[in-house]
Structure formats: structure tokens, C-alpha cells
Ligand code: G6P
């Protein structure tokens, strides 16, 4: 979703802003722009499409100046074109914005009645006009922004500059991320640390409703009532290298291959010879986890699929009932919350609007506590939760989530085992499963070695329009995740079904044009799955079966394409069997020539509803 970068410095800031926008490209966008205030003019460059297209225009006519704002826009109000691209200029003000202003239509009418003319269809330009109006009453830029945001309904992160106050940028946030990068004699604003890490590693995270004013020399934060506020600055642990693509062709490929290390990092210092280590969920976790009688897991997209796998694990090992729900539904539903229910939010970014809103809503619903499984330590989800387990996957840039998913599974496996131990899971089995979990990085490594075979297999999918993914039990969410990957980046329509449901509808779709991908590691339901696959073969469906190294398959199934891999055990097999499905979608997308890291219409961090 939209990305913001802003700077107040002595040097020319346009190159810094453009580099920052490039670091934010992963979030997904369809136009880009920058505005620089210099002398008595705000000059800007905007373009539909990629940052490099905007940069080419900038290169032809550079904008010197030390104060600037920049933006990548993911269209909400109005089509993606140059006119709707940010920054918007109204009067003496330029503004960039991430989020959605819900009352913009009425504000726009009021401003029009007072003679304002709008050139775009955006809610952002309305905000710019409002701030410019408030400035003309003699307010400072900061006072005008404060007065404006008090009138806004909805979500926003903004950066604003005014010709009347050279060298100053004012930012504000509600519901969308914005942080400050503190440099030496220069300061910055950005949507995330990645946008700023090349210029500084000192970051200050803003809280809800904060307004911030930066100049070259100062950073001042204010609460909505205009009172100064103290916000701590931290050294970011992000390294500039972590966001480089290195030798890989795409970020997604790099992130797929980083999984053995990422999962090892998730487990590091959290599980040992005698099981899950104490206090890994925080020192306040023990009484909560002892008291928990059921769990509600809420998330979006891939994180939701991780929650679905966790349901199978936790119910089996800890005998606790688990409900998993997509956040956009959960937040508006009249949910029944039995006593001693733990609320678990799962999010790679920790900024997904629906997940965050669901978590805030859960506060009013009387849960025992909130627990976050998340990849970004400074994110809103983490800051607002009672208990947490960081996944430590490192920055994930590819829009299609890969290492975030397997590290979420590793985190959930720790939680399931810990809850199991507390609730009478047989100790020998507990120790065996702990050992199995510790071997997960090794088996992911081994699954990655079958890439050449997957690459060949991917050719079968290039010309297909549809694909069906099947799994049973805990492998059903893995099938869902595999189908999501394929549709996200190759634009092939893909659906996943629990194989037992085939007869209730999807079997009607099966013919020789329909590839059927079956996730079939050894497990109690493998024989049932085999019967389902026979039904598919009988109707001419083309089978692609991912099975355990030594599993016995029937001859008819073997006539399809078989991919064998070492599962490492039934418990960890969902994580291991995810790997070939990620590789499959990756190679199909590469062969179809799509934009693998930034698929059309999608965003990495969905910070609007
Ligand atoms: C977007 C991304 C997905 C991600 C989902 C949830 O749709 O494209 O990859 O799974 O958001 O994001 P979160 O950061 O909350 O895990």
C-alpha cells in the first residue's frame, strides 16, 4: 500500500526520497511522485507506473532543495494516473497521504462552497485544501495540521510541507504507520524503517494520533491536543544489506531460500533438549497460558493460513478449542467470547488494518489477554498486545509471503507444544515433537534441493487457466496457501479444497485441462486422500502429487507427476510441504513473465480497510 518518505536536510533530498520510494516498492503501488520546496516554489514530479518512470522524468529535470516529500500511491479514491498521484498541492501546501479519509466528500463540498478548486479525485487533495485553509487563518503549519486532523474520520499517515515555513515537514498518523528517522543535521519521515535505513538507523516510532514536526535540527512530537510528547528513539536492527536482492533474480526467490535460516532464527533460544524454554512468550505469559481455555486466532491472507494450521496442532496437542477467523469478518461480527479465551493476532507486518482493528475490537470483548505472532518488533500489533512471539524472519519484500509463513508456523509450533505440555501432553511424545521441530530447518533445506524438478514441472502450468489444490487434515491449509501463492503471482485461478469435499462440487470442474495438486505426506488421512485422487484420475484430471519419500502410492496415482520429498515427520510436514508449492508458483510466474515481487493490484502491507 501507499508509501511515504520525507526529509529535511541541508543537502538535496530528491535522491534520498527516490531511494526511499524504491525501498517501499514492495508494499505495492501504481503511481509515484515527489515534491520539493525550494525558494518560493513547490516543484513536483509525478508519474503513473513505477518509481523508475518518475525517476526518468526527474533525471531530465532535477529538483534541487533540502525539504521534500515523496509517495508511492496504491489507488483508493480515483484511478491510478498522474493527476491523482501524490504529492497534491493546494495553495501553499503540498501533501502525501496513506490511508482513507471517510468524511472527505462532505469536507470537499464545504471547501468547494468556499471557492476551492480540486484537480484530482482524491481524498488527499481535500486534506491539503483543508490545511491550506487553516493556514490562512494565521496558524503555523503544525497548528493547521493539528486542527485539520481533528476534523478527519478514517485512517491516515501524512507528510505536509508549506512554502510559508521552509525547511519544515509536518507528519501525522492514525491507523497507518509512520516513523521518524533521526540523522545528524537532517531528519526524515518514512512508512517503515526500510525506507530510511540507508540514511540512518536511529528510528522513533510514532503513536496513534501523534503529530510530528521535523526540521534539519529538530524533531518534536505532539499529541492530538497539541501537547508535546516524548517518544523514545531506537537503533534499528535492520541492516541495509537485508533489503538487498543479492544474487537472486527476485526477492521472492531469495526469501524462499532464506527459510532454513529464518526458521532456525525463530527457534533459536526458544527450544532446547528438554523442550520449549521458559518465558519465551514474555514473563507475564505463564498465568495466562495456564488459564487459557480456548483460543481465537485472527489474521488475513497467508497469516490466516498459518492460524489454520495452528488450529490442528493446538487442538490435537493441547486439547484446547481453537477458532480461526479472517480479521475483516471478525471485526464486524458479534463474536461470542467464552471465559478465559486467548486472542491471538498473526501478522507479518503488524500493520494490517483489519488485523489491527480486530485486535483493538477484541479489547472490548473481554478476552483473557492478547497475544501477537509477528515479524516486525516495532509494529502496532506488537506494541498493543499483552504477549508476543516475534518470528524473526527478517524483512520480507516480495508481496507473496513465503518465509513469513514458515516462521509463523514455527512460532505456532512452539506455542502448541508449550500449551500441550501445560495440559498433559504425554512427555515422551512432547520431547519427540520438540526434537522434530528442531530439525525443521534441515528438512526445509532438503525440500529446497528439489527446485530443478519443480522448475520442470512448472512448465505444465504455463498455459493453464485454473488449478485445484487438495489436502486433508492439517495439509488442507497448506493446499490453501499453495493455491494463494499461485493465484497471487501467476494470475492463474486456483482454488483449494479439503479433498473429502471433492464430490460436493469441485469434481464437476475436473477434466484434462485441470491440473490437480495434491499435498500428500504420510499421515492418518493419506489413504483417504488416495481414494479422492483415484476419483480425480477416473475423470481424466492431471495429477501432481507431493508425497513422502517412501510413501506407497497406487499405480493409477503414480501415472500422474510424483514429487517426493523428506517430510521430517508428520508434525512439521505442513511447513516442509509448503516449500515445493512456493517454488512451483514462483517458477510458473517467472515462466509466464509476471511481475513476481509486485503482482498487479496487490500490496504487501494492507494498511487500509
Ligand atoms: C497482504 C499480503 C499478504 C499477507 C496479508 C496479511 O495481502 O500481500 O502476503 O499475507 O496482507 O499481512 P500481514 O502483514 O498481516 O501478515
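Keep in mind that glycine also has a Cβ here, set from the backbone N, Cα and C atoms.
Automated prediction, rather than curation, is the source of TrEMBL annotations.
Here TrEMBL flags 2 as active site, nucleophile. A C-beta separation below 8 Å, combined with a sequence spacing of at least six in one chain, links residue 2 (active site, nucleophile) to 27, 29, 71, 72, 73, 74, 86, 96, 97, 98, 99, 191, 607.
DSSP assigns residue 604 (active site, for Fru-6P isomerization activity) to coil in the three-state reduction, placing it in neither a helix nor a strand. All chains included, 25 other C-beta atoms sit within 10 angstroms of the C-beta of residue 604 (active site, for Fru-6P isomerization activity). Per TrEMBL, the feature active site, for Fru-6P isomerization activity maps to 604.
Averaged over the domain 'Glutamine amidotransferase type-2' (2-217), the predicted model has a pLDDT of 94. For 2-217, the entry in TrEMBL reads domain 'Glutamine amidotransferase type-2'.
Among the features that TrEMBL reports, domain 'SIS' is placed at 285-425 (among others).
Annotation comment: TrEMBL describes 457-599 (among others) as domain 'SIS'.
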Requested in this report: Pull the DSSP breakdown for the domain 'SIS' (285-425) and write it out as helix, strand, coil residue counts.
Outcome: 64 helix, 28 strand, 49 coil
